Amino acid sequence: MSPLARTPRKTSVLDTVEHAATTPDQPQPYGELGLKDDEYRRIRQILGRRPTDTELAMYSVMWSEHCSYKSSKVHLRYFGETTSDEMRAAMLAGIGENAGVVDIGDGWAVTFKVESHNHPSYVEPYQGAATGVGGIVRDIMAMGARPVAVMDQLRFGAADAPDTRRVLDGVVRGIGGYGNSLGLPNIGGETVFDPCYAGNPLVNALCVGVLRQEDLHLAFASGAGNKIILFGARTGLDGIGGVSVLASDTFDAEGSRKKLPSVQVGDPFMEKVLIECCLELYAGGLVIGIQDLGGAGLSCATSELASAGDGGMTIQLDSVPLRAKEMTPAEVLCSESQERMCAVVSPKNVDAFLAVCRKWEVLATVIGEVTDGDRLQITWHGETVVDVPPRTVAHEGPVYQRPVARPDTQDALNADRSAKLSRPVTGDELRATLLALLGSPHLCSRAFITEQYDRYVRGNTVLAEHADGGMLRIDQSTGRGIAVSTDASGRYTLLDPYAGAQLALAEAYRNVAVTGATPVAVTNCLNFGSPEDPGVMWQFTQAVRGLADGCADLGIPVTGGNVSFYNQTGSAAILPTPVVGVLGVIDDVRRRIPTGLGAEPGETLMLLGDTRDEFDGSVWAQVTADHLGGLPPVVDLAREKLLAAVLSSASRDGLVSAAHDLSEGGLAQAIVESALAGETGCRIVLPEGADPFVLLFSESAGRVLVAVPRTEESRFRGMCEARGLPAVRIGVVDQGSDAVEVQGLFAVSLAELRATSEAVLPRYFG
């Protein structure tokens, strides 16, 4: 049962503001709604009386962890403190808006954001994941943009765990079912398996939108007399207390059973029509301000619009179109029914606004207006059930300085190095290691999942599966495009949260750079355990500082993000998992750099960057010994900037025909993936004196495998030398070969590599 459903459904007396003022001692179930004693006292102090049942519901959802960021807000300010004026120069909208917006030149702007829908996706995987996609798409719509692509970051329990099949199957079908129905290409992401995510899967959805700069819209209610119009789907009982309450608590031993009513139900076809309706409304200049209805529903939309504006607001709640009978005011206000938007419209444009909605068969209703006061007042059949200062609901909720303490176990964890593990030496052992990693759920092909998504709908996808970053064309006439990548490593972040966040940033940045695009902006989704655990808060604060400092070093701003706490069951938290998304810009997608080898005959393979003996937290340690300990790889952000600059120049000058970043599985995995993507073999010749195991499997950061046309090798090598970037020749592409050969050690046919990689997920989930 949803917590909000515990508020009285039918009473002999409607709990109006007048009634609340005359019944100060009436008991209220604030604790069941997630409010602490001190929070309830503060609400009474703000109002000068006890809240009505409807006000109590409104404050409870808006002051929840998910909506208020009450445990993280004090730390998230560090992003602003480390963002320079130069970094802000290209930002048209940033933290605090529905999504960040970046100027990418030629009058174009891009908006992108990643958000979590973790808890609902465990309770009801299909709808949880589907509505996660729908929610982030509406955030992008609310900025005035056309959504053009989605990505996803997924974390599940061990592949062989009994419940993983249920969760993965529903989540993947939900993402594909909703995104495919919207006609949005899914251009990339990650899927990770680890026992810590059993019972607490992570479903982080990213959406990218494109707009002309003059079409930017923001969430505010301004101008007394302007009308508030609710449009989209009808309001029902689904999702009441969904992300706002469900996502602000941990699961207990009962797991998901008691939480089913809190999951929203999505209709992608309604959302598809809503997208086109919104774009026509924007084009007609009919919208002053707009807000999507997601977590906390109308409670959020009305209070945030009023709080961000220059006046107050009145709402006639009984005007809201319903799809369930006998809903209470609290339920109407807090419903998280999907596919709804709330707009501020000039009275002179109301008829035109409603006409556009009728054209698209979108239900639209005037439910209120902006006032010249400073209160949000909501009535129910003529009686006032809410009378509050909107800022106290939307932006002035509680802010906690939670206790922060480095875990007592951290020193022992860092001292437990992987150097003690037995390493492969012979050619046969190295070959077996390669196949063991490739044949594990951690590094195997994700085609079983990605083939359920449409990657090329709309015809603007330039890079998707196999590529490190997804790429889209946004301007047909000039070829201007964007590249996006998302990355995270909970294992590295557990070992060192500061460095782990920077490694996620560095990999996402590098994944964009290897496409030939220039990284320009960052978004994030910070997934952690309970903020009431001082050890979790230490992980969180360190990760925030690492990410903020890293962005400052790279000179690219954080444009927005999301925090997801309480990802744990009982006292068992997930690995700290900061997901980082990086946006890049390329002036002409025709100069993109693909992943696959063999575009040019006789390409030279070169390794850029330094390889160190770094195996702590690696996939090799995980697969061969189930080991997690030590220190993560060194991160050098100055080197990452240098790599990006070299790759951009090489792309522009035609010096590189393929590129692939090195991360999990090291050089060996990158070679295999590039060879399979290009369906061509290669011969690897390790540099003299190199340790084969270290060179092939180390996960040192700041490295890229590139294929260079034979005629451009000396020119490319000269560019790297001039800029101080290590570049080592490690082999050649052999289009006449059907194998990956490491000279003097081993060879594996492409057929065996492909079969090993592609058999894994169907074996578990097919």
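The backbone N, Cα and C atoms fix where each Cβ goes, and this holds for glycine too.
The Cβ of His66 (active site) has 25 other Cβ atoms within 10 Å, all protein chains considered. If you look up Swiss-Prot, you'll see His66 marked as active site, on the strength of sequence analysis.
Over all protein chains present, the Cβ of Tyr69 (ATP binding site) has 18 other Cβ atoms lying within 10 Å. The annotation ATP binding site is assigned in Swiss-Prot to Tyr69, Lys113, Asn524, Gly561.
Look at Swiss-Prot and you will find Glu115, Asn562 tagged as Mg(2+) 1 binding site, backed by sequence analysis. In the three-state DSSP scheme, Glu115 (Mg(2+) 1 binding site) is classed as strand. Taking Cβ-Cβ distances under 8 Å and a sequence separation of 6 or more, the neighbours of Glu115 (Mg(2+) 1 binding site) in its chain are Gly132, Gly135, Ile136, Asp139, Asn204, Ala205, Cys525, Asn562.
On its own chain, Gln338 (substrate binding site) has Thr131, Gly134, Gly135, Ala233, Asp238, Gly239, Gln264, Val265, Gly266, Asp267, Met270, Glu271 as residues at least 6 apart in sequence with a Cβ closer than 8 Å to its own Cβ. What Swiss-Prot records for Ser116, His117, Asn118, His119, Arg138, Gln264, Glu336, Ser337, Gln338, Ser564 is substrate binding site.
Feature annotation from Swiss-Prot assigns active site, proton acceptor to His117; the stated evidence is sequence analysis. Its Cβ placed at the centre, His117 (active site, proton acceptor) has 34 other Cβ atoms within 10 Å.
Here Asp292 (Mg(2+) 2 binding site) comes close to Asn98, Gly135, Arg138, Asp139, Met141, Ala142, Ala301, Arg340, Met341, Cys342: these same-chain residues lie at least six apart in sequence, with C-beta atoms under 8 angstroms from its C-beta. The feature Mg(2+) 2 binding site is assigned by Swiss-Prot to Asp139, Asp292, with sequence analysis given as support.
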Same chain, 6+ residues apart, C-beta under 8 Å of the C-beta of Gly561 (ATP binding site), given in sequence order
Ile95, Lys113, Val114, Thr523, Asn524, Cys525, Leu526
For the ATP site (Tyr69, Lys113, Asn524, Gly561), what does the 8 A shell look like? I mean other same-chain residues with CB within 8 A of the CB centroid.
Ile95, Val114, Glu115, Thr523, Cys525, Leu526, Val558, Gly560, Asn562, Val563
Which of Ser116, Asn524, Asn562 (the binding-site residues) has the most other Cβ atoms within 10 Å?
Asn524
Cα-Cα, whole number of Å: His66 (active site) versus Ser116 (substrate binding site)?
10
Reading the DSSP string in three states, the entry for Gly561 (ATP binding site) is strand
Using other CB atoms within 10 angstroms as the count, which residue among the binding-site residues Asp139, Glu336 scores least?
Asp139
Calculate the distance in Å between the alpha carbons (Cα) of Ser116 (substrate binding site) and Tyr69 (ATP binding site), and round it to a whole number.
14
At the level of the C-alpha atoms, what whole-angstrom distance separates His117 (active site, proton acceptor) and Glu336 (substrate binding site)?
13
